[in-house]
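Here is what Swiss-Prot says about this protein:
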| type | residues | note |
| --- | --- | --- |
| BINDING | ALA5, PHE6, ASP7, ILE8, GLY9, GLY10, THR11 | ATP binding site |
Amino acid sequence: MKIAAFDIGGTALKMGVMARDGRLLETARQSINDSDGDRILQAMLSWLAAHPSCEGIAISAPGYIDPHSGLITMGGAIRRFDNFAMKSWLETRTGLPVSVENDANCVLLAERWQGKAAEMANFLVLTIGTGIGGAIFCQHQLINGARFRAGEFGYMLTDRPGGRDPRRYSMNENCTLRVLRHRYAQHIGAPLDSVTGELIFDRYDAGDPVCQRLVAEFFNGLGHGLYNLVHIFDPQTIFIGGGVVERPGFLTLLRQHLAWFGIADYLDTVSHGNDAGLIGAVYHFNQLYRSPDDDRH
């Protein structure tokens, strides 16, 4: 059985054709401007039309998501997905079974299914992207929360609020590549689109003093949040995900900056890089549509 898998991000849509055992058979990526939800939906339908052999749809998406009904009550940066019944919408248009799960939860499920957490009972995932995402695995169970909001680590404060809006002092506003890029672009007077995370870390490695300061602030904010998570959940490991972790030497750099917090040994990176969301989405599909006589999934 082939599954069409989609990993929806704030700036890109990753698409795949996957076997039910998690093997990736084909992938593609499409840039998404301005978190355009309608464009995302059309791209998904086009991918499905081009791959008629797929018999199911597995989706990793941002926001607060009921993993059973597929209702997205808040779509993160994609406002089109607020209060959107994505599962029903796609099933009506395709006639295929559909599963929808939060993106960070999918990264966690991939790590548990086919990664370094296969034998772990307690671990966390923290993803660094347009925002900070998170997922919790406690006593052999994925924790969704009463309103499907568990793991929203990005709302943790990294400093004492000094203004009216505490969100300005959250991890989302201080520990993401989006914020890092924005701050460096402002400093050098360049358009945001011309400044990438890769550029900043390259200049950090080259000794650029501004990049050295900004990257240190970035890791310091992460350190505050990760320190709190270690002492709240007592995890075996916190796995860090997101495109930035694929940079050579990132884990070593992360551990160096966070050594002061005394938590470096708790940290690792996810096993599947940018494919983690697709793999975890298929795992969730398997769980939702598990047949009684099929224990492989």
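Just so it is clear, glycine is given a Cβ too, placed from its N, Cα and C backbone atoms.
Set side by side, the binding-site residues GLY9, GLY10 differ in how many other CB atoms lie within 10 angstroms of their CB, and the most is found at GLY9. Just so you know, the Cβ of THR11 (ATP binding site) picks up 13 other Cβ atoms within 10 Å once every protein chain is counted.
In this view, ALA5 (ATP binding site) is surrounded by 31 other Cβ atoms within 10 Å of its Cβ, with every protein chain counted. The number of other Cβ atoms within 10 Å of the Cβ belonging to ASP7 (ATP binding site), over all protein chains shown, comes to 27.
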